[in-house]
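So that you can see what the record holds, here are the features copied from Swiss-Prot:
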type: ACT_SITE; residues: H54; note: active site
type: ACT_SITE; residues: D71; note: active site
type: ACT_SITE; residues: C122; note: active site
Amino acid sequence: MGSSEQELVAIVRELGCGPYFLGTFDKRFPGFMAPHKLACAIVNTAGRETGGVHWLALAWNPKNRTCYLFDPFGFSDERLKQIYQFEYEGLLKRSALASTPDHCITLIKSTQTVQGPFSAACGLFCCMFLHAFVNWPTSPMERNPTMDLLTGVPNSMLQSPQVVPTLRHNQERLYRFLAQRSPYFQRHCERIKKATAFDQMKNNM
């Protein structure tokens with residue numbers, strides 16, 4: 001279940017990200033190739049032929065030559081590779097070669113968990129992050145009115161019953177945020193909530 005590419009594109013555009021949004025991609029995302037343009041994308045950790053596994057958001061700010069990688073689970077590089085066989089070194093290298101004179105960029109990656117371990121709302125959390133990015137491109141991860149609606153917990157506590165109320169509250173705030181800003185989400189609210197439910201992945205086990 002989870003979010004389809006069509007849903008994510010519709011919601012992202014209604015959040016005002018349209019001029020900067022490159023689209024949804026599978027793990028073969030080519031990177032950011034326009035050197036002077038603010039840009040962002042939603043990228044799956046798997047190939048499109050698999051139907052997809054987990055959504056991440058990537059964003060490029062040319063002013064500070066920084067690439068932001070938002071993972072709602074806040075997994076380390078090693079865990080992303082271990083769990084999803086996903087590596088982003090290649091796309092970072094391609095982005096650096098295309099976007100900066102000295103081929104150097106800064107990577108800022110989310111390290112905290114905002115999504116429950118059995119939630120299928122990763123794509124929707126990515127939409128929320130991209131709203132933060134286009135409005136506050138120098139501090140999209142935190143210290144802005146959008147992402148400050150969520151409470152992050154250490155990734156090491158992802159499976160802890162102690163943080164379940166916090167992560168469930170995050171998902172409720174996510175839905176509320178989208179309902180206030182996306183007519184598409186409003187129209188399809190019931191179906192989207194069912195497909196991205198907090199315990200969706202547990203139900204599929």
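Cβ coordinates are placed from backbone N, Cα and C, and glycine is handled just like the others.
Cβ neighbour count within 10 Å across all protein chains ranks D71 highest among the active-site residues H54, D71, C122. In this structure, the CA atom of C122 (active site) is 7 Å away from the CA atom of H54 (active site). The two recorded residues, D71 (active site) and H54 (active site), show a Cα separation of 9 Å.
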